[in-house]
Amino acid sequence: SQLGYMMLALGMGSYRAALFHLITHAYSKALLFLGSGSIIHSMETIVGYSPDKSQNMILMGGLKKHVPITKTSFLLGTLSLCGIPPLACFWSKDEILNDSWLYSPIFAIIAFSTAGLTAFYMFRIYLLTFEGHLNVYFQTYSDKKRNSVYSISLWGREEQKWIKKKFHLLPLLTMNNKKKAYFFFKKKYRININVRSMRSSIITIPNFSTKKSFSYPHESDNTMLFPMLVLGLFTLLIGIIGIPFFNQFNQERMQLDILTKLLTPSINLLYQNKRVLMNWDWYEFITNAIFSVSIASFGILIASFLYNPVYSSLQNLNLFNSFVKVISNKLKIFRDKILNVTYDWSYNRGYIDFFYATFLIQGIRILSKLIHFFDRQIIDGITNGVGI
């Protein structure tokens, strides 16, 4: 989505905004990638070297207690990519969104919708990884009635785990025999009954002189933490290069920012007889920023409603909790049906593969059989019949 914003800005002719977002996006995304590596490194001390487990967000949860520095850095990168002020990506993304309104309302609607989706899936990653409890410690339970729960995400490889029917985790996607996705909501949730202690696997690497084993994930060492802190600092401050400020030494009384000053020589080579004036309207900027931040906040709110664990520090911030008591059973059933349809659509990849296989592949096969029959039976049959 962020590359799409850059291409959108280039297509509209807003080259400065595209370059600005390239810079801010680079620091935020690098912070997220390094944070992901730190999380994987900490999970491998429990599950061992297994990409299917150490990189599975459903097996995580509650990591904020064990990796607080990584959690803070990852949250900064997440909020920045969502476009929350005053972080880096907010300034560049907001500029692209404003330029899209001036260029075409259609492009603006697409860009703002993408901003909401970005906030949704980025905060989904944060909630599944850091909030709640560590899901890797949930064990198998003996009971006659069981459901198959897929611990891999909707788009990943299916890895089955068995779980008691009365026990449900909100972030998990549960499949029945008909391969339909649905959520289970349960008011009572006792973590002390369902969680058992588990021995962690001991990782032994011949090239390293460490044989430590941990029952819980631990923070990475300074070789990972220090770069994350540096990237986090840039994520906080790099947006300054695109914020206009008044230069009192400028004789033309122009409002310039650092990024524009860097591009000014190349601009003067192309437009030597023109002045590039930047009249910054703070009122218009704040008005437009409120709308873009509201879209991002709405995406974060939806992600919190769907993926917020039962035990979470954000539980009290969930605005939907105040409306649960007044929702009737019919509305709950209707809401669950909407969730079923949405997750079925997502699980089946928008039914694109089904449409492709049904109408294109089968249609081409039927057409090829008809052509083959016409060629062998009709054309060759007439020729062979005349020859006989």
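Residue numbering: from 1, along the chain as shown.
For all residues, glycine too, the Cβ spot is worked out from N, Cα and C.
Taken straight from TrEMBL:
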type     : residues : note
DOMAIN   : 1-117    : domain 'NADH:quinone oxidoreductase/Mrp antiporter transmembrane'
TRANSMEM : 6-23     : transmembrane segment
TRANSMEM : 30-49    : transmembrane segment
TRANSMEM : 69-90    : transmembrane segment
TRANSMEM : 102-123  : transmembrane segment
TRANSMEM : 224-246  : transmembrane segment
TRANSMEM : 285-307  : transmembrane segment
TRANSMEM : 350-367  : transmembrane segment
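Within its own chain, the transmembrane segment (30-49) has Cβ neighbours under 8 Å at 55, 59-60, 63, 66-67, 70, 73-74, 76-78, 80-81, 129, 136, 200-201, 203, 212-220, 224-225, 227-228, 231-232, 235, counting only residues six or more beyond its boundaries. In terms of C-beta pairs under 8 Å, the stretch of 6-23, 69-90, 224-246, 285-307, 350-367 lying closest in packing to the transmembrane segment (102-123) is 285-307. Against the transmembrane segment (6-23), stretch 224-246 has more CB pairs under 8 A than any other of 224-246, 285-307, 350-367. Residue counts for the domain 'NADH:quinone oxidoreductase/Mrp antiporter transmembrane' (1-117) under DSSP (helix as H, G, I; strand as E, B; rest coil) come to 98 helix, 0 strand, 19 coil.
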